[in-house]
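These notes are about the structure you will find just below.
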Amino acid sequence: LTGVLDDCLCDIESIDDFNTFKIFPKIQKLQERDYFRYYKVNLKRPCPFWADDGHCSIKDCHVEPCPESKIPVGIKAGSSNKYSKAANNSKELEDCEQANKLGAVNSTLSNQSKEAFIDWARYDDSQDHFCELDDERSPDAQYVDLLLNPERYTGYKGPSAWRVWNSIYEENCFKPRSVYRPLNPLAPSRGESFYTWLEGLCLEKRVFYKLISGLHASINLHLCANYLLEETWGKPRWGPNVKEFTRRFDPVETKGEGPRRLKNLYFLYLIELRALSKVAPYFERSVVDLYTGNGHEDAESKALLLDIFRDTKSFHMHFDEKSMFAGDKKGAKSLKEEFRLHFKNISRIMDCVGCDKCRLWGKLQTQGLGTALKILFSEKEIQSLPEHSPSKGFQLTRQEIVALVNAFGR
């Protein structure tokens, strides 16, 4: 994949270079920190659109706790910083993974972590724009350790998975009434006419389609990169599946479609990168803490995040979101509202995913993108934030922050 991306003045080589040497190593470190590794999610919310038929085609996709002896130390309040090393002890994590059957979500947390989460909840203000948020007070909502539950291929496929993506593309991407052919890139009978039609859409609707396609490509790439290669004697072996990658992205096997999908992934990267550079002033204020109860760790996490923001600002080929919703005020406002509602609906469709691990990462990445869009459409509010008092007009909950960083990390 080479060359310039559509709808922005940016080339793939520059993004690769910038990401590999500047952003990726730092984002990876940030995702391992306590503030960013725990995500609260309700995996039991019913699918609002059809009777729940989707079950993993593998042994077990439900939440299965680790044995008590294997629970990672997690977060401890107080000034001691020794727990970080213990919490990331890879031997314990491996044992924990083995204790889980394939695809199960590991929901173990220490008591200290639970206490820290109660404190975090006090820091949160639950207003949201682009996503249907889980009710964090629901007894079904639980914290999940993202490091113990990596995104990977679990065997979830077939009609249930197809229906989720079909619903996302067909019912939530904008499409003129004259187009009867399927939007789903996995559907047969696509041709150049589809792209001629896509180019004919206004920029905003093109952007929406590309973001959803980029999200789809991102998820598929992770499944190919971390695939269940074999399971011998009950020990699964995960790794890259080149054949599967080729099937989904090779120009010949996809009739030229694969490279377009990958370009949309780069486009998604640019949108989320732009959001990070725009939200920096929110975090640069002294009143914003990445609070876990451990002052030393919190200060380090914030310093690392601000360092990433400096890098994002140094990137010289950002997507220009000012070109979006720039028409007459009334038309722009209704289009933005339509955009928001479409996206909100997609976040609800994620509750229809039949495999818990896939649902977890689907919800997290959708919320991360929703948060990026919320930031891009709140520039004025962010710029006028007070330095020494709580935010008025623009607020991010801890959930949104964790989703944004982890989605961009993906």
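Including glycine, each Cβ sits where the backbone N, Cα and C put it.
Please treat TrEMBL annotations as automatic predictions, because they have not gone through curation.
Residues or ranges marked as disulfide bond in TrEMBL: C56-C61, C355-C358. What TrEMBL records for R152, T154, W165, S213, H216, R248 is FAD binding site. The active site annotation in TrEMBL covers C355, C358.
A 10 Å radius around the C-alpha of C355 (active site) takes in these binding-site residues out of R152, T154, W165, H216, R248, in sequence order: T154.
Cα to Cα, H216 (FAD binding site) and C358 (disulfide bond) are separated by 12 Å. Taking C358 (disulfide bond) as the reference point, the binding-site residues whose C-alpha atoms are within 10 Å of its C-alpha, out of R152, T154, R248, are R152, T154.
Other Cβ atoms within 10 Å of the Cβ of R152 (FAD binding site), summed over all protein chains shown, number 20.
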